[in-house]
Each structure stands twice: as structure tokens, then as C-alpha cells.
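This report refers to the structure that appears directly beneath it.
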């Protein structure tokens, strides 16, 4: 199976004026309702499992069309209504001035005592973060497009030129640590790409091993280390590299329910961020490993780890890894025969297999045999 760069399917262009227009339209709506003597309100798409579904055609977890109405003249709603307007004004200022703020900074910048009262606008960041998510859903824009960011996590290594503001650099010339993925990647451009595909790797240790073994250069691959669950910035970057630059996406995680869930969120999106799946998820992604079949195929039986928790056939079960496996068995996006086989084998054998277990063969085995052979032979899960 020869991987090669395909044709771009979409082109993203960040336009701050569109974000400002959406903010202003919503603000004018509230203003007109006040002028007309009406009770102003926001319609907020409802969060929660009851308003989430799997779109089989798009292969994405999506948010449904249920709305909750938040009124100003309602004791139960008034505080959140006020907080929403405060953060709308703050976002407008950030976008207009071209500045960015972290979630923590957004909280502190808008926390103050309301004049003439003993009430604070926000008591804790747990109040401001959900309002920012509400704005994402109401406006149909990413938090990052509103110039609000989270901490950096994950890094990129490979022969790709990245333009970040006024800086331009090759991600294979920055040392083994590569380029740290920022909280927002909306402004990032890719003037030159000399790779055939993206290999998304769960652990930094495995990514470092592949870099040390010269895998990116030899296989013309771009390595993206997620360092655990992929951050929004990493997921958005993966999405853009596939849809805008035509790069195939292959995911490599531990062979356990947590690693498979990491793959699931990259491919289909997540329930918590269902409203962002079309901008964060990459349904065309494929999975190379680790799988239960790898254990016997490569003679790794003696380096497996036991699943954590109580099995379903024992008193108090299922818990831990077993509970997550059963949940994944029932996910609509894991109903194909290939994934049903892997999940059922994990339950039957009661084991998990880590990426690093391949070092039992040799340090270079993963880079020179395991990955190249599986990818070349097309041994990938959907």
C-alpha cells in the first residue's frame, strides 16, 4: 500500500471580521429586544448525551438541534445571561485588537465585583469556561477563532515548512523536540510539504524513538505526538493537514481501551465536543496499532499487561478498562467487524499491549519493521 498525498478537500481561511460580525449580530439582537420592551434571551444549543448523535453518512459525532433558552428576566438565568454578555464584549476586544488570552486569563480579566453589590461577575473558572463553550455553539466558531487558547500540548516533527506569523521554519530542523503545537493553529500556514502522510503517535517516548531511528526521513512521514489524549490544537492541526493539504492520517496508540478512545476522538470526534466535530475530527483516519492481533503476530504474549479493573463476569464488575471496553463495543462507530474483533479479544484475553512493548524485539524494530511493513501491506483498521 503506497501512501501519497491526495488532493485538498477544503481550504480554511481565518477571517476575524466574520467572527466580529457574528458577535455584533447577536449583540444587536439583544439590544433590539431591550428597545422593544421584550425579555431578551439567548438560544443555546443543549449540551449532553441526549442531544448528541452519530451521523453515519458523515461518520461524525454531531450535536443535535435541541436548544435551551436563556432569559435575562429570569432569576435562574440572569447570572449566566450577564456572564455571556461580559465574555462577548471581551472576545470582541481580543479579536479587534489581534490579541490572544488563555482560558485562565479570560476568567481573571473579567472577574470583578459588580458596583453597588457584593456579587462577583465570576466566582471561579468553572463558571467562565462553560460560557465560552456556549459562545462556540451559539456563534458556530471555534474558541481559538475567538482568540481564546489553552495550554500547548503535543509536537510535530518532519520535513514540512511551517509559517507561524512572521516566523518560517522547517519542523525537521528544530532538534528532536520538533515544533510544539500551540493552543490555536488557525493562523498556521504550510508553504512547503515534503511528506507523504501523517503518523499520529500517542506517546512522546515512542515519537522520540521514531525520530531517533530516522523514521520520518526514511518513510517521508510527519510525526505528530499527542502526548496522551489529543488536544484541540492537535486535532485541529490533523484535520487541516488532511482536508487542506491532502495528507493521509495514520494513528498509532497503545493497544488498550484508552489508546483506542484516543483514536476514536481523532477520527469521529467526542461526545463533549460534538458541536466541533466538523472542524476537529478526521473520519478518513486509519489505525495501524497496537492491536490484539499484534500480540500473536509478533510474539509479544510475555510482554502484555493485565487490564485494570474488574471483569464483567466477576462480582462488582465491570469496572476500569473492562467497563470502557464494553462501552466501546457499543459505540456505533466501532460496529464494523474489524473493531468488534479487537475489542472482544481484549475482553476475552484480559490484556493490553503498550507501544513500548515492541522494544522487546529491538529498539529499532518499530521503525524498521513493524510500522513500515504494516503500512506497506495495508494492515490498517478503519
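Using N, Cα and C of the backbone, Cβ positions are placed for all residues, glycine too.
Here the structure is a predicted model, which means the values were calculated and not measured.
What Swiss-Prot annotates here:
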DOMAIN    14-155  domain 'Topo IIA-type catalytic'
ACT_SITE  108  active site, O-(5'-phospho-DNA)-tyrosine intermediate
BINDING   202, 254  Mg(2+) binding site
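Packing around residue 254 (Mg(2+) binding site) is summarised by its Cβ count: 21 other Cβ atoms lie within 10 angstroms of its Cβ, all protein chains included. In three-state terms derived from DSSP, residue 108 (active site, O-(5'-phospho-DNA)-tyrosine intermediate) belongs to a helical segment.
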